[in-house]
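Colleague: This is the structure I want to talk about, given as structure tokens.
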């Protein structure tokens, strides 16, 4: 089967990526084990439930699954759930770790029938490793080279049927041949405040922390639609409630704790405000190219595109246009500025008013 406290606050408390191995272990403890326990992503859950039921009925390996979407939405959790629901073992790795064809071959040849191989950041597979993967996905076979130079020969090895679950935050970087070999492709979306409140309530129970519904909803509203962030904020608010109160997480206690953490009522932290203020003040509201924006705020281009922008765009504070990034009317209002005359209204907030 699947092999698999209080922490110092990470530098960016609303980062959607794990801050440390300790935090990853903490996440595993809170992770739902079965599909029925998984909150949100109703469409994806419904599809996987049917596909897994059919595969179990036929006693076959589940078709290969590609999960994509912003970080922290539950791709790794779903991979573990798939293995558990199918009653098989899970082997986990990531694209950057598989540097040589032999690394992948060693994993594949050790899989038992119908096992799940989970490759995180699959878009970062090297081309030479990806080539080895194609026949493994299609025919459950791999070709490996024995020997060197003129004496080298190719040997075909048969594999047990298996399921590859690939996860990526950048589906557009997958090559077409690799993408086409996944029979099940699912996009994970940001969660609603109500869904996140259910996750926060469940996590609080596992942590044996007292929380009322309004306290859970206040944390959920500021979690940027992301369960990983919601659970991290819950732990920090729990710490605050134990020191400053009687340990019960109320709306007022959550509001005070999150204000201390510099997380505002729409889930923005210092980095979000820094990006939007750069667009507004340094570039006159845009358009501004992502490379110029990265230089202005001292961040990597990938950080802006993968971590900061998705939520700002989803919330209607930033637009991505062919000419560059542009601040919306909602961004001007958020900072108490008058928007330029003739600017279209914002798209509204994902989670409503706090």
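Quick reminder: no glycine exception, Cβ is built from N, Cα and C everywhere.
Owing to the predicted nature of the structure, the values given are computational and were not obtained by experimental measurement.
Annotated region 'Large ATPase domain (RuvB-L)' per Swiss-Prot: 4-191, in sequence order, evidence recorded as sequence analysis. As annotated by Swiss-Prot, ATP binding site applies to 30, 31, 72, 75, 76, 77, 138, 139, 140, 181, 191, 228, with the evidence given as sequence analysis. Positions annotated as Mg(2+) binding site by Swiss-Prot: 76. As annotated by Swiss-Prot, region 'Small ATPAse domain (RuvB-S)' applies to 192-262, with the evidence given as sequence analysis. According to Swiss-Prot, the region 'Head domain (RuvB-H)' annotation covers 265-354. According to Swiss-Prot, the feature DNA binding site maps to 301, 320, 325, an assignment based on sequence analysis.
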Colleague: Counting all other Cβ atoms within 10 Å across every protein chain shown, which of the binding-site residues 140, 191 scores highest?
Modeller: 191
Colleague: Using a 10 Å radius around each Cβ and counting other Cβ atoms from all shown chains, which of the binding-site residues 301, 320, 325 yields the largest count?
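Modeller: It comes out as 325.
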Colleague: What is the biggest Cα to Cα gap, in Å, among 301, 320, 325, the residues listed as binding DNA?
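Modeller: Pairwise Cα check on 301, 320, 325 gives a maximum of 14 Å.
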Colleague: Do me a favour and check the Cα-Cα span between residue 140 (ATP binding site) and residue 325 (DNA binding site); whole Å is fine.
Modeller: 45
Colleague: Roughly where does the region 'Small ATPAse domain (RuvB-S)' (192-262) sit in mean pLDDT, to the nearest integer?
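Modeller: Taking every residue of the region 'Small ATPAse domain (RuvB-S)' (192-262) together, the mean pLDDT is 93.
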Colleague: For the ATP binding site, please report the maximum Cα-Cα distance among 30, 31, 72, 75, 76, 77, 138, 139, 140, 181, 191, 228 in Å.
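Modeller: Per the listed residues, the maximum Cα distance equals 37 Å.
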Colleague: By a simple count, how many Cβ atoms lie within 10 Å of the Cβ of residue 138 (ATP binding site), its own Cβ left out?
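Modeller: A 10 Å sphere around the Cβ of residue 138 (ATP binding site) contains 10 other Cβ atoms.
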Colleague: Around residue 30 (ATP binding site), how many other CB atoms lie within 10 A of its CB?
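Modeller: I count 18 other Cβ atoms within 10 Å of it.
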Colleague: Report, as a single number, how many Cβ atoms besides its own are within 10 Å of the Cβ of residue 76 (ATP binding site).
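Modeller: Its Cβ has 22 other Cβ atoms within 10 Å.
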Colleague: Which three-state DSSP class does residue 72 (ATP binding site) fall into?
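Modeller: For residue 72 (ATP binding site) - judged by DSSP and reduced to three states - the answer is coil.
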Colleague: Could you state the whole-number distance in Å separating the C-alpha atoms of residue 138 (ATP binding site) and residue 320 (DNA binding site)?
Modeller: 37
Colleague: Tell me, how many other CB atoms lie within 10 A of the CB of residue 72 (ATP binding site), whichever protein chain they belong to?
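Modeller: The Cβ of residue 72 (ATP binding site) has 28 Cβ neighbours within 10 Å.
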